[in-house]
Ligand code: GLN
Ligand code: ZN
């Protein structure tokens with residue numbers, strides 16, 4: 001019979017226990033933090049995860065998926081590969097050392113963080129230099145394995161594989177090819193795998209997710225020798241791939257000396273047939289390797305339960321899909337989650353407030369364990385006939401059928417609008433130069449106009465008022481008055497700074513996606529649907545379950561209230577369709593682009609409502625546009641086309657003289673500049689000043705724009721809001737001058753590089769006063785020069 005397992009579980013705990021324990025440890029001071037309390041929390045989360053797997057009836061108990069901060073960092077610590085700049089001896093790394101590498105400490109910056117493939121999880125980027133040695137590292141993994149083995153057999157540790165660990169890092173200190181470090185790294189993997197074997201482990205899951213990327217040939221070629229070397233010392237290895245199609249590597253994976261391979265059948269269903277065929281007959285060793293060390297018949301683990309989303313699996317459909325292969329592969333077929341379940345919230349049982357019907361369509365990590373086990377049982381005739389399996393399949397079928405027809409999902413008004421969508425809806429009436437002229441006529445902005453990105457400091461009092469209103473501890477009246485007082489404060493302050501285009505400040509928003517998700521039909525928000533974003537930070541993505549419909553304007557009252565307080569233009573503030581999509585759990589019953597267009601249509605109405613209420617500068621934030629890029633470059637053009645179209649659909653319904661802004665939290669979009677330009681926003685603000693290399697970053701971004709001749713208005717951030725540092729007028733003047741060397745003054749805007757919600761008022765007062773003064777000083781020089789020339 002087939003076997004059931006998952007690739008990993010969430011490690012944050014059902015009530016975010018890990019977050020609270022880790023943060024308490026940090027606040028106690030790294031060294032003096034309460035180590036026993038932290039260790040106890042880790043133990044209890046791991047015990048709960050093992051229990052959940054056992055209760056579900058999985059054949060394998062996955063361990064090694066628990067990490068205090070990040071799986072890449074933990075693997076580095078295990079093989080003694082933490083960056084040398086922290087000066088840590090490999091073997092005696094403490095928890096405090098580990099966290100220091102993750103978060104930095106006095107005089108040492110934290111390791112860089114970047115997105116884990118196309119998820120919203122962020123990992124710490126390994127740093128490899130010519131001095132990188134590797135060595136015996138932490139023993140945490142072995143302790144966790146022992147902990148699990150004490151409860152019974154069939155413990156399957158999971159480990160990030162050596163080729164991926166190297167590939168996902170960066171080269172420093174003059175190293176030119178980190179692949180050269182592989183032999184040294186393999187020695188450590190041999191040690192680790194040998195020790196696991198000595199502990200009594202029979203299978204190890206070794207993750208090599210980079211196989212789903214556009215992998216350069218030398219990296220692909222590294223797999224065969226690496227795994228040939230590891231197979232000697234190791235227990236049976238299950239080489240796990242996920243997040244994409246790896247069928248191009250099928251011959252390699254069939255020939256690799258590992259016990260089995262895992263493929264993600266949710267992302268790439270056609271892989272199932274490819275790999276089942278490749279594995280059905282068993283494999284043959286390549287020339288020069290001995291038959292005896294070759295696993296003759298490989299295990300094929302198929303990821304059929306979606307580890308990236310929150311929907312119940314259509315059990316009957318997946319069973320049908322699996323049946324033919326179950327016969328051919330027998331107990332060499334393993335049924336699994338597509339990837340680790342760490343990208344799902346923990347347990348649906350905690351969602352007591354969620355709409356009952358919507359809830360009946362969902363499965364979080366704990367529910368997915370049961371699905372994997374059920375699917376495995378359903379492949380066995382005797383098991384499939386049992387009452388509990390039958391009942392579970394029947395209940396599942398009822399939920400699937402309801403989802404296909406529920407009016408909560410299928411909204412005919414939205415579908416008609418979508419069908420009526422024409423190309424002209426994605427095009428402004430006139431080209432940019434015509435619009436710019438019309439906008440200048442009424443906005444009468446000075447040269448180098450100043451503005452901000454939207455949010456102002458979210459003080460404790462603001463957050464407390466919002467929370468109190470939610471728990472009905474603050475009346476609606478008091479809530480409105482508190483928010484309006486904030487708007488008045490923000491407007492007063494902006495007038496005092498002398499800004500040209502003002503904002504209302506976004507005090508009413510807890511989060512730029514959640515705020516809209518709570519008001520749009522077709523979105524649900526959860527109470528406890530937390531997933532790890534990085535370290536101790538968790539996010540609660542909304543769930544898009546149905547056709548997206550705007551029941552009533554979402555932002556007009558706030559923006560119009562602000563506009564009524566001032567003669568200066570107030571900029572309305574929306575989150576764009578791609579970002580709404582990207583930071584939510586999305587429907588799996590229609591393509592992403594269709595959902596994006598539905599959101600765009602709803603936002604288009606919001607834009608129209610703002611415009612007719614007299615808010616005629618409107619910013620549509622798209623910080624997630626770039627991170628939505630697919631893993632494989634071949635898939636980029638199709639994505640960019642629909643992403644750009646969605647933005648244009650929501651922004652193109654306005655008059656020429658209504659000014660559309662957009663904002664992106666990065667400047668590294670050299671590779672997608674044509675698409676950024678194709679958004680055809682009148683003004684774009686971008687981030688350019690991050691890190692101590694402010695000027696360098698800025699220059700790079702400007703140069704990219706210059707080379708491309710970005711055609712519309714642009715505001716490269718001149719104030720790095722990520723730091724508490726208040727830049728001087730002179731610093732910002734320098735940045736403005738640098739920008740002017742590349743962007744014509746007529747199209748240059750002056751603004752911070754992101755929203756100000758994480759700053760305090762004292763910092764904002766200082767920075768924005770300096771920013772306005774800097775803009776005025778440069779403006780005066782420009783006007784003076786023009787006068788002289790005339
Ligand atoms: N308007 C948002 C703000 O100012 C933009 C945030 C973002 O780009 N991440 O907070
Ligand atoms: Zn931003």
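Backbone N, Cα and C atoms are what each Cβ position is placed from, and that goes for glycine too.
All annotation found in TrEMBL is predicted automatically rather than curated by experts.
Noted in TrEMBL for the protein shown:
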type	residues	note
DOMAIN	4-327	domain 'Cobalamin-independent methionine synthase MetE N-terminal'
BINDING	16, 17, 18, 19, 115, 120, 537, 538, 583, 627	5-methyltetrahydropteroyltri-L-glutamate binding site
DOMAIN	448-776	domain 'Cobalamin-independent methionine synthase MetE C-terminal/archaeal'
BINDING	453, 454, 455, 506, 621	L-homocysteine binding site
BINDING	453, 454, 455, 506, 621	L-methionine binding site
BINDING	663, 665, 687, 754	Zn(2+) 1 binding site
BINDING	663, 665, 687, 754	Zn(2+) binding site
ACT_SITE	722	active site, proton donor
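Checking the binding-site residues 16, 455, 583, 687 for a CB within less than 6 Å of any atom of ligand 1 leaves 455, listed in sequence order. Highlighted here would be the binding-site residues (16, 18, 454, 455) whose C-beta falls below 6 Å from ligand 2, but none qualifies. Ranked by CA distance from residue 621 (L-homocysteine binding site), the recorded positions 18, 722, 754 have 754 at the top as the closest. On the 0 to 100 pLDDT scale, the domain 'Cobalamin-independent methionine synthase MetE N-terminal' (4-327) averages 93 in the predicted structure. Within 10 Å of residue 455 (L-homocysteine binding site), counting CA to CA, the recorded positions 16, 115, 687, 722, 754 contribute 754.
Taking the centre of the Cβ atoms of 663, 665, 687, 754 as the Zn(2+) 1 site, the nearby residues of that chain (Cβ within 8 Å, site residues left out) are 453, 623, 664, 666, 685, 686, 717, 753, 755. Among the listed binding-site residues, namely 18, 665, 754, the Cβ with the most fellow Cβ atoms inside 10 Å is that of 754. Cβ neighbour count for residue 687 (Zn(2+) 1 binding site) (all protein chains, 10 Å cutoff from its Cβ): 24. Counting only same-chain residues six or more apart in sequence, the Cβ atoms lying under 8 angstroms from the Cβ of residue 454 (L-homocysteine binding site) belong to 503, 505, 506, 571, 573, 619, 621, 663, 755.
Counted within 10 Å of its Cβ, the other Cβ atoms near residue 537 (5-methyltetrahydropteroyltri-L-glutamate binding site) come to 12, all protein chains included. Checked against residue 537 (5-methyltetrahydropteroyltri-L-glutamate binding site), the recorded positions 453, 722, 754 differ in C-alpha distance, with 722 being the nearest.
Among the recorded positions listed here, namely 453, 665, 722, 754, 722 has its C-alpha nearest to that of residue 16 (5-methyltetrahydropteroyltri-L-glutamate binding site). Other residues of the same chain near the L-homocysteine site, with their Cβ within 8 Å of the Cβ centroid of 453, 454, 455, 506, 621, are 452, 503, 512, 573, 619, 663, 754, 755, 757.
Look at residue 18 (5-methyltetrahydropteroyltri-L-glutamate binding site): DSSP puts it in a helix. Between the recorded positions 16, 115, 722, 16 has the most other Cβ atoms inside 10 Å of its own Cβ, all protein chains included.
Taking Cβ-Cβ distances under 8 Å and a sequence separation of 6 or more, the neighbours of residue 583 (5-methyltetrahydropteroyltri-L-glutamate binding site) in its chain are 120, 513, 539, 541, 624.
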